[in-house]
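Engineer: Below is the structure I would like to discuss, written out as structure tokens.
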Amino acid sequence: MRSAAVLALLLCAGQVIALPVNSPMNKGDTEVMKCIVEVISDTLSKPSPMPVSKECFETLRGDERILSILRHQNLLKELQDLALQGAKERTHQQKKHSSYEDELSEVLEKPNDQAEPKEVTEEVSSKDAAEKRDDFKEVEKSDEDSDGDRPQASPGLGPGPKVEEDNQAPGEEEEAPSNAHPLASLPSPKYPGPQAKEDSEGPSQGPASREKGLSAEQGRQTEREEEEEKWEEAEAREKAVPEEESPPTAAFKPPPSLGNKETQRAAPGWPEDGAGKMGAEEAKPPEGKGEWAHSRQEEEEMARAPQVLFRGGKSGEPEQEEQLSKEWEDAKRWSKMDQLAKELTAEKRLEGEEEEEEDPDRSMRLSFRARGYGFRGPGLQLRRGWRPNSREDSVEAGLPLQVRGYPEEKKEEEGSANRRPEDQELESLSAIEAELEKVAHQLEELRRG
């Protein structure tokens with residue numbers, strides 16, 4: 001009996017141990033499970049929905065595990081959205097980068113394309129400038145050679161001392177018409193001759209007439225050289241003739257000025273009546289006329305050269321024609337500037353002489369200056385040697401040097417030696433002014449061009 005009772009107790013104790021004990025945590029979980037079952041059944045039974053109780057909603061909203069599950073689900077959605085957005089942004093950035101690279105390549109290509117023609121134009125412009133400078137130097141050299149050779153012919157031409165003795169007879173009234181005659185045959189700087197007109201009309205002609213101006217200038221230079229050789233031969237002959245005729249007393253005398261020369265030329269056949277005047281004028285050696293004819297011949301040759309170029313230059317290429325025409329225009333421009341500078345210096349020197357007309361020794365100073373320094377053109381020498389406004393100076397210039405005597409010549413030479421530094425300073429100042437005017441004209445031409 002006792003054993004049976006013990007077994008029964010053991011069985012009861014085992015059953016009691018095997019039965020679950022309901023704790024508060026288990027109660028909450030069971031309620032949550034029931035609410036989840038209700039929600040699932042509600043979603044599955046859509047045609048005939050089973051409403052979820054309010055208690056289940058409250059338990060589900062209060063349970064942290066369900067909230068974490070829902071948050072986790074939302075995070076997954078957000079991550080997916082972020083992934084899609086990142087992919088879109090990457091594609092957009094790639095497109096932008098590619099477009100930016102294309103723009104950079106285009107921008108880099110454009111300056112290279114623009115730099116190449118700029119370099120080409122700079123090279124062409126530098127070559128053109130060098131050629132223009134060379135042409136201008138050649139033109140200046142030719143002008144200086146022609147201007148330097150012509151004035152040398154005038155001092156060499158002159159009668160001997162016998163003619164000077166005969167010059168004492170004519171009076172003041174007869175000097176004015178005789179000396180005014182050679183001045184009328186000379187070209188004045190204010191009224192340009194046909195050469196200046198052709199230079200002014202040259203740019204208006206067609207480009208074909210200008211295409212080979214440099215070759216024409218070279219031809220002119222050769223012609224000028226030949227003419228200069230002829231002039232030198234004629235000068236040597238003319239110098240030899242008066243040396244043979246003149247006595248040895250002419251060795252110590254200074255060469256007479258141009259005003260003296262003009263009076264000497266007019267003196268030998270001068271009686272006091274009007275017919276004698278005409279004969280004296282006809283008996284003058286035509287030095288001024290010969291120079292004028294020589295300049296006229298040069299102008300005619302220069303006028304013929306563009307016509308020949310216009311006839312024979314039509315077969316050239318258009319680019320060469322344009323280039324040669326530009327060079328021809330530039331050469332003409334530089335030559336005009338040189339002529340203007342020379343004219344300005346000549347006018348300034350003449351103004352300085354007019355201010356110093358009151359000095360009685362001016363004619364002798366001019367003779368010494370003409371001998372010692374040598375001016376550029378024949379026109380300047382004639383103007384400095386002859387001044388029709390001052391009769392006293394012209395009378396003193398016309399008197400022979402033998403009458404004045406040797407001591408007077410010594411005094412005049414000493415005075416001229418004292419005045420030479422002043423004359424040198426004046427000439428240097430005038431040369432500086434001429435250079436400054438040339439530079440100013442060049443700057444104006446460059447600004448206009």
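Backbone N, Cα and C atoms are what each Cβ position is placed from, and that goes for glycine too.
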Engineer: What residue among SER126, SER178, SER257, SER394 has an entry for phosphoserine in Swiss-Prot?
Structural biologist: SER394
Engineer: Where does the O-linked glycosylation site label fall among SER146, SER204, going by Swiss-Prot?
Structural biologist: SER204
Engineer: Going by what Swiss-Prot says, which of SER125, SER185, SER335, SER428 is noted as O-linked glycosylation site?
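Structural biologist: With Swiss-Prot as the source, O-linked glycosylation site is noted for SER185.
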Engineer: Going by Swiss-Prot, which one of CYS12, CYS56 is joined to CYS35 by a disulfide bond?
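Structural biologist: Recorded partner, per Swiss-Prot: CYS56.
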Engineer: Please report how many Å separate the Cα atom of SER215 (phosphoserine) from that of SER325 (phosphoserine), as a whole number.
Structural biologist: 12
Engineer: Have a look at the recorded positions CYS35, CYS56, SER142, SER430 and say which one has the shortest Cα distance to SER325 (phosphoserine).
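Structural biologist: Spatially nearest to SER325 (phosphoserine) by Cα position is SER142.
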Engineer: Calculate the distance in Å between the alpha carbons (Cα) of CYS35 (disulfide bond) and SER430 (phosphoserine), and round it to a whole number.
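Structural biologist: Pair distance, Cα basis, whole Å: 122 Å.
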Engineer: Please give me the CB contact count at 10 A for SER142 (phosphoserine), counting all chains in the structure.
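Structural biologist: Excluding its own Cβ, SER142 (phosphoserine) sees 17 Cβ atoms within 10 Å.
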Engineer: Long-range same-chain neighbours of CYS56 (disulfide bond), Cβ under 8 Å, sequence gap at least 6?
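Structural biologist: The answer is LYS34, CYS35, GLU38, VAL39.
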Engineer: Distance between SER142 (phosphoserine) and SER430 (phosphoserine) at the Cα atoms, whole Å?
Structural biologist: 22
